[in-house]
Amino acid sequence: MLLSAPLRHLPGLLLLLWPLLLLPSLAAPGRLARASVRRLGTRVPGGSPGHLSALATSTRAPYSGGRGAGVCKSRPLDLVFIIDSSRSVRPLEFTKVKTFVSRIIDTLDIGATDTRVAVVNYASTVKIEFQLNTYSDKQALKQAVARITPLSTGTMSGLAIQTAMEEAFTVEAGARGPMSNIPKVAIIVTDGRPQDQVNEVAARARASGIELYAVGVDRADMESLKMMASKPLEEHVFYVETYGVIEKLSARFQETFCALDQCMLGTHQCQHVCVSDGDGKHHCECSQGYTLNADGKTCSAIDKCALSTHGCEQICVNDRNGSYHCECYGGYALNADRRTCAALDKCASGTHGCQHICVNDGAGSHHCECFEGYTLNADKKTCSVRNKCALGTHGCQHICVSDGAVAYHCDCFPGYTLNDDKKTCSDIEEARSLISIEDACGCGATLAFQEKVSSHLQKLNTKLDNILKKLKVTEYGQVHR
């Protein structure tokens, strides 16, 4: 009787003390985050002292910057959530689980060619809320998650995994085949000990290619979580103390499913161009005019001239940027097509350098000539006047007088006069003696005149013979000079 009064008031007392019991979960964000992770040396429900949560032991580089950073793109997945909705999960806590699922969906690229999502709800029975091919729109998918209701009693985790493997991860249900290389991922969330065997069925699921993540809450059995999860366990087993902080795990899964864009991060090591292939993969390419080396990263300029496809008629010249250009031999100019060449007519262009006459020899060549009466100098361009008097071929008996480039005339020594042939000369006195003062009609005068003419003709022949001899000597000298 003495104890009955205090016991009658115990429910009311618990209601008054309930907010105080929740104080650790209402602590500052930093403390709250720390409370969600079991540390070394602390007891984990269902486990042994010394267990360390996956969140505390992850060796991956922390993801920073969120999806807005532009370097993270979720990998395409076939993702199935297996959520415990047994009686131990209160309605408010089940809402937290749905919020956790929705936040993970927010970090994913949802679509027929991206990530597909299904939800398996379980307690003592199993219900597939929707299949992988049911929704391809993120907003519709989240609304479907929000409409899920708890099933009530029991925790048949093994049956839930088997149902997911046999009914959710099928091609008919929307799972993509092995040739697609799309990962199959299942995340099971539970707060209790399984009421059936999970070890064997989880092993079969993993052997079929399903990657299993196990998330334990509050009273979850850690050994069962380890049996269900894929290895390494430190990356696939998670534990939080309350459903109130489970949504914080969404950031951890965002990091897990994130494919970092190495091209945007600048860690690709491509010499020229980095091309993202999705799923965190990339390949290197080269700028135009370059080819990728065997290392798959560096580039070398393509020797297009060596390929014999350059089209240059005469000379191909490689440029530094991997391109090329055509050139021509001396005496040729590049045509408008920038490939073929045409012979330069230097005579027509006025660039020949000839003083008198330029003669085009074709093929871009030419030579110089001189006007008549001129001779080409040693430089093969300029001309000098040719002196015919100096050549000795003028034919003048006495004196040759040059009148320019090609002309000349003969002259006589003093006391001589130029004959009608304009080359030979006659003594003036002898010419006068030929004139007779006798009677021209007399026989004696006529005879005397004939004798004098014969004498002069003989002398003239003698002189002509001498001139011919001199000419022969001169010609011989010219030939053998």
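Glycine is treated like the rest: Cβ placed from N, Cα and C.
Marked as coiled coil by Swiss-Prot on the basis of sequence analysis: 451-475.
Following the DSSP three-state reduction, the secondary structure of Cys274 (disulfide bond) is strand. Neighbours of Cys274 (disulfide bond), defined as other CB atoms within 10 A of its CB across all chains, total 20. The disulfide bond annotation in Swiss-Prot covers Cys263-Cys274 (among others) and rests on sequence analysis.
The feature disulfide bond is assigned by Swiss-Prot to Cys270-Cys284 (among others). All protein chains included, Cys284 (disulfide bond) registers 20 other Cβ atoms within 10 Å of its own Cβ.
Other Cβ atoms within 10 Å of the Cβ of Cys299 (disulfide bond) number 20 in total over all chains. According to Swiss-Prot, the feature disulfide bond maps to Cys286-Cys299 (among others), an assignment based on sequence analysis.
In the shown protein chains, 17 other C-beta atoms lie within 10 A of the C-beta of Cys305 (disulfide bond). Secondary structure at Cys305 (disulfide bond), taken from DSSP and collapsed to helix, strand or coil, is coil. Summarising the annotation, Swiss-Prot assigns disulfide bond to Cys305-Cys316 (among others) and lists sequence analysis as the type of evidence.
According to Swiss-Prot, the feature disulfide bond maps to Cys312-Cys326 (among others), an assignment based on sequence analysis. For Cys312 (disulfide bond), the number of other Cβ atoms no farther than 10 Å from its own Cβ, over all displayed protein chains, is 20. DSSP classifies Cys312 (disulfide bond) as coil under the three-state reduction.
Cys328 (disulfide bond) falls outside any helix or strand according to DSSP and counts as coil. Neighbours of Cys328 (disulfide bond), defined as other CB atoms within 10 A of its CB across all chains, total 19. The disulfide bond annotation in Swiss-Prot covers Cys328-Cys341 (among others).
In this structure, Cys358 (disulfide bond) is part of a beta strand by DSSP. Per Swiss-Prot, disulfide bond is recorded for Cys347-Cys358 (among others), and the stated evidence type is sequence analysis.
Marked as disulfide bond by Swiss-Prot on the basis of sequence analysis: Cys354-Cys368 (among others). Within the same chain, the residues at least 6 positions away from Cys354 (disulfide bond) whose Cβ sits under 8 Å from its Cβ are Cys347, His366, Cys368, Glu369, Lys381, listed in sequence order.
Over all protein chains present, the Cβ of Cys383 (disulfide bond) has 19 other Cβ atoms lying within 10 Å. Per Swiss-Prot, disulfide bond is recorded for Cys370-Cys383 (among others).
The disulfide bond annotation in Swiss-Prot covers Cys389-Cys400 (among others). Shown in sequence order, Cys396, Cys400, Val401, Ser402, Tyr408 are the residues of the chain, 6+ apart in sequence, with a C-beta less than 8 angstroms from the C-beta of Cys389 (disulfide bond). In this structure, Cys389 (disulfide bond) is part of a helix by DSSP.
Here Swiss-Prot flags Cys396-Cys410 (among others) as disulfide bond, drawing on sequence analysis. Secondary structure from DSSP puts Cys410 (disulfide bond) in a beta strand.
Here Swiss-Prot flags Cys412-Cys425 (among others) as disulfide bond, drawing on sequence analysis. Within 10 Å of the C-beta atom of Cys412 (disulfide bond) sit 19 other C-beta atoms, taking all shown protein chains into account.
The annotation domain 'VWFA' is assigned in Swiss-Prot to 78-253 on the grounds of sequence analysis.
Marked as domain 'EGF-like 1' by Swiss-Prot on the basis of sequence analysis: 259-300. Here the domain 'EGF-like 1' (259-300) is broken down by DSSP into helix, strand and coil counts: 4 helix, 18 strand, 20 coil.
Annotation source Swiss-Prot lists domain 'EGF-like 2' at 301-342, citing sequence analysis.
Spacing of Cys286 (disulfide bond) relative to Cys316 (disulfide bond) is 23 Å (Cα to Cα, whole number).
When the disulfide-bonded residues Cys274, Cys316, Cys358, Cys425 are screened for a C-alpha within 10 angstroms of the C-alpha of Cys370 (disulfide bond), the residues that qualify, in sequence order, are Cys358.
Closest in space to Cys274 (disulfide bond), of the disulfide-bonded residues given as Cys284, Cys299, Cys326, Cys425, is Cys284, taking the CA atom of each residue.
Inclusion criterion for the disulfide-bonded residues Cys299, Cys312, Cys412: a C-alpha placed within 10 angstroms of the C-alpha of Cys305 (disulfide bond); this criterion is met by Cys312. Look at the disulfide-bonded residues Cys316, Cys347, Cys358, Cys410 and count other Cβ atoms within 10 Å of each Cβ; Cys347 has the fewest. Cα spacing between Cys316 (disulfide bond) and Cys341 (disulfide bond): 12 Å, rounded to the nearest whole number.
In the predicted model, residues of the domain 'EGF-like 4' (385-426) average a pLDDT of 84.
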